[in-house]
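Engineer: I'd like to ask you about the structure that follows.
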Amino acid sequence: MSMSRGGNTTLDLQPLLAESDVGNRELEEKMGGSADRSSLLDGSGSKELSHREREDSALFVKKIGSALFYGLSSFMITVVNKTVLTSYHFPSFLFLSLGQLTASIVVLGMGKRLKLVNFPPLQRNTFAKIFPLPLIFLGNMMFGLGGTKTLSLPMFAALRRFSILMTMLLELKILGLRPSNAVQVSVYAMIGGALLAASDDLSFNMRGYIYVMITNALTASNGVYVKKKLDTSEIGKYGLMYYNSLFMFLPALALNYVTGNLDQALNFEQWNDSVFVVQFLLSCVMGFILSYSTILCTQFNSALTTTIVGCLKNICVTYLGMFIGGDYVFSWLNCIGINISVLASLLYTYVTFRRKRAPDKQDHLPSTRGENV
C-alpha cells in the first residue's frame, strides 16, 4: 500500500497477486504430487494383487499336479504289486518290501552324489528328528503288500478307504485341522460304501482284513507325521525318503531272514523269466516313486487330501482288479457298496480342489482330547 503525491489513497495489489500466484502454484504442485502418489499406490497395489494371483495360480497347479502324480503312482504300484504277488505267485511280500527299500536308498544316494537332489548328511540326532516315521514307513509298506497279496483288488480298494476316516481324526488331534461339513459327509459316505461292500465279500480272508486295517492306521499316521515333519524339520522330502529307507533296511533284512522269507524268495523258480524280473524291478522302483509322490502331494495338500487321492485311483483298480489276479468274486451288494464309495470320493475331490477366489481358510483348534469330528 502507498500514498500518491496528489493526496489520493490507492492500493498496490501487485505484491498480493504475486503471493496468490505463488500459493496457487504450491497448491497445484501439492495436488499434483498427491495425485501422482495416489496413482503410484494404485499401481503398486495392482502389481501386488497380480503377483499374489500368479502365486495362487502356481500353487493351485502344484496342488493338482502333485495329486495327479501321486494318484498315477499309487495306481501303477498297486497293479504291478498285484501282478508280482498274485499272478506270478511270488512267495514273499516281505522280500519285495526289502527290494523297494533298496531301490530308494540306491536312487537317492546316487542322486545326491550327482547333485540332482540334496538333503542333510547323516547325524547322530537324525533318527530322533524323523521318529516315528521310519517305523510307520516300514510297517505301512509291509502290511500294504501283505494285504495286496491276500485280498482281491476290489475289496482291498474298498477297505483302504477306512484310512481316510483315520486321517481325518488324526489331523484334528495332531494338526488341529477341522474339515468342513462337506468333507465330513463325503468321508462318512465312503466309509458306508466300504462297509456295505465288505458285508457281502464272498472271498473273505481274515488275515487280509487285518493287514489292510493295520495299513490304514499306518497310512493315516504317515500322512499326518510327514506333514508335521516337513513343516518343522530341515531334513526335507528327499531326506525323509532316504533316511526312512536307510534306517529300516537292516530291520527289514533281519525280519526276512528270521521268518525264512529270504530263502523262499531266493529259491523262487521264476527268476529265469525275464518278464517277471522286469515286473519285480518295476515294483521296486515304483516303491520309491510312490514314496516321493506321497511326500510331494502331502507337502502341497493336506494329509487327508493325499489319502483321498490314493483312494480315488481305486476307481480304475476296482474294475481292473476283477481281471488282475483272478481272485475277485462278484456280487451285486459288493458292487453297489464299492460304487457308493467311489461317488463319495468324487464328491470330496470336487469340494477340495474347486478353485476359489478367496484363499482357503482352515480352522485351527486347540489340541484337546475331547474334540470329535
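Backbone N, Cα and C define each Cβ position, glycine as well.
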Engineer: According to Swiss-Prot, which residue among Ser50, Ser367 is annotated as phosphoserine?
Structural biologist: Ser50
Engineer: Examine the ranges 66-85, 206-225 and name the one recorded by Swiss-Prot as transmembrane segment.
Structural biologist: 206-225
Engineer: Cβ under 8 Å, sequence separation of at least 6 from the ends of the transmembrane segment (131-153): give me the contacting residues as numbers and ranges.
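Structural biologist: Distant Cβ neighbours of the transmembrane segment (131-153) are 78, 81-82, 85-86, 93-94, 96-97, 100-101, 159, 203, 205, 207-209, 211-212, 214-215, 218-219, 221-222, 225-226, 229, 240, 243-245, 247-248, 251-252, 287, 291, 317-318, 320-322, 324-325, 327-329.
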Engineer: For the transmembrane segment (275-297), what are the same-chain contacts with Cβ under 8 Å, counting residues 6+ beyond its ends?
Structural biologist: 66-67, 69-70, 72-74, 76-77, 80-81, 83-84, 88, 90, 96-97, 99-104, 107-108, 137, 141, 222-223, 226, 230, 237, 240-241, 244-245, 305-306, 309-310
Engineer: Could you tally the C-beta atoms, other than its own, that fall within 10 angstroms of the C-beta of Ser50 (phosphoserine)?
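Structural biologist: By my count, 10.
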Engineer: Using DSSP with the three-state reduction, classify Ser50 (phosphoserine) as helix, strand or coil.
Structural biologist: helix
